[in-house]
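In Swiss-Prot this protein carries:
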{"type": "SIGNAL", "residues": "1-32", "note": "signal peptide"}
{"type": "TRANSMEM", "residues": "107-127", "note": "transmembrane segment"}
{"type": "TRANSMEM", "residues": "172-192", "note": "transmembrane segment"}
{"type": "TRANSMEM", "residues": "197-217", "note": "transmembrane segment"}
{"type": "TRANSMEM", "residues": "236-256", "note": "transmembrane segment"}
{"type": "TRANSMEM", "residues": "269-289", "note": "transmembrane segment"}
{"type": "TRANSMEM", "residues": "296-316", "note": "transmembrane segment"}
Amino acid sequence: MKRVNVIQAKAFLKVIALLVPLLLNANGPAFALTEQASTPPHDSVASVSAPTAEAAVAAHAHGEEKAGDVIMHHILDNDVFSFEPFGEVHLPKIPPIAGVDISITKHVVMLWVVSAILLILFSLVGSKYKKMTARQAPTGLVNAMEALVEFIRIDVAKANIGVGYEKYLNYLLTVFFFVLLCNLLGLVPYGATATGNINVTLTLATFTFFITQVAALKAHGIKGYLAHLTGGTHPALWIIMIPIEFIGLFTKPVALTIRLFANMTAGHIVILSLIFISFILQSYIVAVVMSVPFSIFIYLLELFVAFLQAFIFTMLSSLFIGLASAHEGHEEHEAGVAHH
């Protein structure tokens with residue numbers, strides 16, 4: 001397999017990493033405070049400068065509060081897409097149905113965008129792959145996609161699930177590319193991180209949970225599935241083991257949910273906080289020395305985290321499926337070790 005030419009990709013990522021902090025700085029609120037001159041000796045001037053100083057302190061506090069509002073507006077889900085300096089797009093409101101608000105939000109839009117991109121991307125790659133002969137080596141985008149697919153197939157699905165991994169490969173590939181693209185689009189200007197919404201990560205983890213339970217039922221049957229809840233202990237300990245094992249069934253999807261949500265949210269908070277330090281402190285030196293360089297560093301780190309979290313979510317999903325569908329040979333090995 002030929003090596004993928006990544007020079008253009010690296011250049012593109014560097015440009016994005018440089019532009020995002022600058023765009024955020026350019027569009028952020030400028031908190032200008034009037035510098036106070038030396039205090040005159042006259043009481044009348046002093047009485048005027050005192051309220052001015054109080055106003056400066058109030059403006060500084062307002063700047064910090066407004067910076068926090070901007071950060072939370074960027075992180076949380078809402079029905080407004082900001083395209084500064086061009087304006088805003090307000091998404092349509094849908095009346096609640098049975099008390100449930102089903103209005104379209106920016107994270108919902110990003111989920112649709114990710115789904116559309118994946119459909120188009122894999123349709124193009126699949127059509128090119130079908131046209132290739134046995135002697136042709138994949139190049140460009142097809143080569144890159146093949147490398148990622150083979151990595152998930154061999155090093156994730158097959159390594160963690162073992163025999164019968166093919167049944168779960170489509171799900172694992174879908175989860176990997178879906179989470180990866182959601183993470184990456186959150187780093188694009190004017191984009192939003194759908195995986196920074198705990199409802200999205202909880203839904204993905206719920207899919208993994210149900211697939212894991214179905215895999216366990218298929219591998220061991222209802223009797224074996226229920227027997228697993230006892231942990232292979234003496235019946236006298238079942239009153240302790242069954243609640244523990246039952247709770248353990250739900251700790252795995254909870255861990256998947258919190259891990260992805262927290263990691264994708266934390267990075268954006270750090271980047272925006274570093275950027276707004278220069279506005280709050282009103283210092284160009286802070287902006288040049290700390291805000292912009294550190295923001296670029298964290299941004300590049302977020303690119304790595306985007307791939308890493310997609311891999312971790314997929315790897316843990318395959319690991320949970322593999323543990324749930326462990327074959328009898330594995331159980332006999334454990335029984336033999338316990339016997340000896």
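Note: Cβ is positioned from N, Cα and C throughout, glycine not excepted.
Note that the structure is a prediction, hence the values are computed from the model and not measured.
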Under 8 Å for C-beta pairs, could you tell me which stretch among 107-127, 172-192, 197-217, 269-289, 296-316 has the largest tally with the transmembrane segment (236-256)?
197-217
Touch test for the transmembrane segment (269-289) and the transmembrane segment (296-316), at least 3 Cβ pairs under 8 Å:
yes
